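Engineer: Pulled these features from TrEMBL for this protein:
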| type | residues | note |
| --- | --- | --- |
| DOMAIN | 47-84 | domain 'EGF-like' |
| DISULFID | CYS74-CYS83 | disulfide bond |
| DOMAIN | 90-262 | domain 'Laminin G' |
| DOMAIN | 264-300 | domain 'EGF-like' |
| DISULFID | CYS290-CYS299 | disulfide bond |
| DOMAIN | 327-511 | domain 'Laminin G' |
| DOMAIN | 513-549 | domain 'EGF-like' |
| DISULFID | CYS539-CYS548 | disulfide bond |
| DOMAIN | 551-586 | domain 'EGF-like' |
| DISULFID | CYS555-CYS565 | disulfide bond |
| DISULFID | CYS576-CYS585 | disulfide bond |
| DOMAIN | 588-624 | domain 'EGF-like' |
| DISULFID | CYS614-CYS623 | disulfide bond |
Amino acid sequence: VSVDEAENPPAFLGCFRDVFVDSHLVLPVKAPEESGVQANMTVGCSDKDKCIESPCQNRGRCVSQGWRRHMCECHRPYEGNNCAEEYITARFGSNDLESYAVFSLDDDPGDSLIISMFLRTRQSSGLLLILANSTSQYLRLWLEDGRVKIQINNFETLVGRSAVSDGHFHLVTLKLERTAATLFQSAQNQGFMPIRHVEVHPGDLVFVGGLPDSRASASFGGYFKGCVQDLRINSKRLQFYPIATPVESYNLQEVIGVAEGCSSDNACAINPCLNGGVCYSMWDDFICNCPPSTAGQRCEEVKWCELSPCPATAVCQPLSQGFECLSNVTFRLESSVLHFHSNGNIKRSLTSISFSFRTRQSAATLLYAQKDSDYLTVYLLNSHLVMELQKDALTVSVQSPGPISDGEWHMVKLSMDNQTLNSKWMMAVDGGKEELSKSSGGDLGFLREGADVFLGGPSLDSGGNLSGCLGPVEIGGLLLPFHLDTELNLPRPQEEQFVRMNSNAAPRFGCWGATVCSPNPCQNEGLCDDLFDLHQCTCSPEWTGPLCKDPADPCISSPCIYGACTNLPSGFKCVCEPGYSGEQCEAEVDICENSNCSHGATCLKGLLSYTCLCPQNLTGQYCELPQLPVATCQGTRWNYNCFNGGNCSEGDNACYCLPGFTGQW
């Protein structure tokens, strides 16, 4: 006990009860406040739990320690009686400068070694920590692909499952327990491996963030860039900047380029946002607020087609580094040939040609290109499409299997069978079966080197010989643009291009067939159908022929249902079968409608005639005669009658008939 404490002991904290002086009760007695004889005294003896007042800050846990005493169990990275003090964060690699710290161990950590720290970074690689003695580095921790990687005794290696390079704090813990190593990240197990026992001795060094030799640090991804907080080996701290609360710590021997706190580099200082994007700083990162026409982390992806770069006659097609303006173009025999060159920056291999076309020509040149003795031509011959390539004295030819000059659109793809220098070429029309060339040849590399490329004819001097339409034409995936660069609202930014050369040509954009229906070639009010450079007449029933000028045979359609058809200058006439009538012999005739049956006789219809059923007193074919008397005669074997006024005959079974009647009776 010091002299000061003996002379001025600390004030008593507790309770008194029944204190008498000279038999007088001194305590507990409530004295008037103005008397000044009592201070900080209350009546009673309260044993109130101090933890009720929640004295522990930063989510610390309060533990009662007896009468009116408590202790705070602090969550990392907080320390102190009330967990109010936070371990100071160390910033490594500010502005990408080298930084590291070196600690020395002054005790033997024992058989169990636990290394833990809070880690914050956006870098995917970098050295975290190395334990080394005078002869070797026996424990290494570094970042690789954003994950913590551990190597022990230069042999055993363990890699964490989850990345820590997301810019947030992560608690990383490595436990070495004699023959086993376990890695944790925020209390989640990241992996386990068996190891040889690690021996740690006093005097060993701990390197944090890097090594003094920059080349040695580069073997582990370079110097660490980020923040480290509350670094511990077992229960002892490794403090870059000590806190006020006394804690057990290892000695800091050297610190280079390590700053206090966890500040961020100003990533916007170099203005990383392109194309007018606005940069906003984040911790060791940035975010770009891009204009509506751009995208990507740095606004590097321009949405060119949203800027309407193409004229009204074309459709914009976005590319990875630019755009193209697509359209169709109509060629006629009087049209100018389109001339193209490479811009001199084409680096890719040219191993394919694709285009679409429509025509009714049986022979025409669609594409022709030449440089020195090398040439390429795509043409129609007998309505078949032919591709012919000569390069380095090797000639390749491939032809479509059938005619395709039918006025319909056809999509053609020409490509090398493989990417070798000596390859066959294939032709596919409308996605059908691929036709293979019989011989092999090279690619189209000579088109990169100043070759003349023509569409619609073999050259500028010879003029065009194609009558039809071409859709977009691509060589090696690069468009032969129908529009001049001066006709676009924005220049094409892509590096590799073909460029149209002849500005005096005036191609007709779109696909326009000849005016085959104006004036109307179909006569006699026939309707004309435009089938692209071909017409077809739809004739009225009375006319026929390609132009509806030939009278039609009206009897071809067999208009007479029950009769024979006869051609007339003004149409046809039906000769009806018996029992039928009408213009087309479609009506069955009622044969009794105009019968000659008289005197109320009934008409009985037959197939082609009728019979009259007469009343009892009438007779005749049409019942026009009166009924004559009937004579009854006696014969030798039976009696019989003679009708219609006939008389009995003396001969057996016979009658004498009146004139006009015959028969036995």
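The backbone N, Cα and C atoms fix where each Cβ goes, glycine too.
Note that this is a predicted model, so its numbers are computed, not measured.
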Engineer: Can you give the mean pLDDT for the domain 'EGF-like' (551-586), rounded to a whole number?
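Structural biologist: Per the prediction, mean pLDDT sits at 84 for the domain 'EGF-like' (551-586).
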Engineer: What is the total of other Cβ atoms whose distance to the Cβ of CYS623 (disulfide bond) is within 10 Å?
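Structural biologist: By my count, 21.
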Engineer: Same-chain Cβ contacts of the domain 'EGF-like' (47-84) under 8 Å, 6 or more residues past its ends?
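Structural biologist: Cβ under 8 Å, 6 or more out: 13, 118, 171, 229-230, 243-245, 247.
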Engineer: Near the domain 'EGF-like' (513-549), which same-chain residues lie under 8 Å Cβ to Cβ, leaving out any that are not at least 6 residues past its ends?
Structural biologist: 358-360, 407-408, 467-468
Engineer: Report the same-chain neighbours of CYS585 (disulfide bond): residues 6+ apart in sequence with Cβ closer than 8 Å to its Cβ, ordered by sequence.
Structural biologist: CYS560, ILE561, TYR562, GLY563, CYS574, CYS576, GLU577
Engineer: Around the Cβ of CYS555 (disulfide bond), how many other Cβ atoms lie within 10 Å? Please give the count over every shown protein chain.
Structural biologist: 17
Engineer: Just to be sure I understand the packing, how many Cβ atoms besides its own are within 10 Å of the Cβ of CYS539 (disulfide bond)?
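Structural biologist: For CYS539 (disulfide bond), the count of other Cβ atoms within 10 Å is 20.
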Engineer: Based on DSSP, tally up the residues of the domain 'EGF-like' (551-586) by helix, strand and coil.
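Structural biologist: With helix first, then strand, then coil, the domain 'EGF-like' (551-586) has 4 helix, 15 strand, 17 coil.
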Engineer: Determine, to the nearest whole angstrom, how far the Cα atom of CYS539 (disulfide bond) is from the Cα atom of CYS299 (disulfide bond).
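Structural biologist: Rounded to a whole number, the Cα-Cα distance is 63 Å.
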Engineer: Identify, in sequence order, the residues in the chain of CYS548 (disulfide bond) that are 6 or more apart from it along the sequence and have a CB within less than 8 Å of its CB; answer 'none' if there are none.
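Structural biologist: Spatial neighbours, sequence-distant, of CYS548 (disulfide bond): CYS522, GLN523, ASN524, GLU525, GLY526, CYS537, CYS539, SER540.
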Engineer: When you measure from the Cβ of CYS565 (disulfide bond), how many other Cβ atoms are you left with inside 10 Å?
Structural biologist: 19
Engineer: With every protein chain in view, what's the tally of Cβ atoms within 10 Å of the Cβ of CYS576 (disulfide bond), excluding that atom itself?
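Structural biologist: Step by step: centre on the Cβ of CYS576 (disulfide bond), count other Cβ atoms within 10 Å, giving 19.
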Engineer: Would you mind listing, in sequence order, the residues at least six apart from CYS299 (disulfide bond) in the same chain with a Cβ closer than 8 Å to its Cβ?
Structural biologist: CYS273, LEU274, ASN275, GLY276, GLY277, CYS288, CYS290, PRO291
Engineer: When you rank CYS555, CYS565, CYS614 by Cα distance to CYS83 (disulfide bond), which of the disulfide-bonded residues ends up on top as the closest?
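Structural biologist: For CYS83 (disulfide bond), the closest Cα among CYS555, CYS565, CYS614 is found at CYS555.
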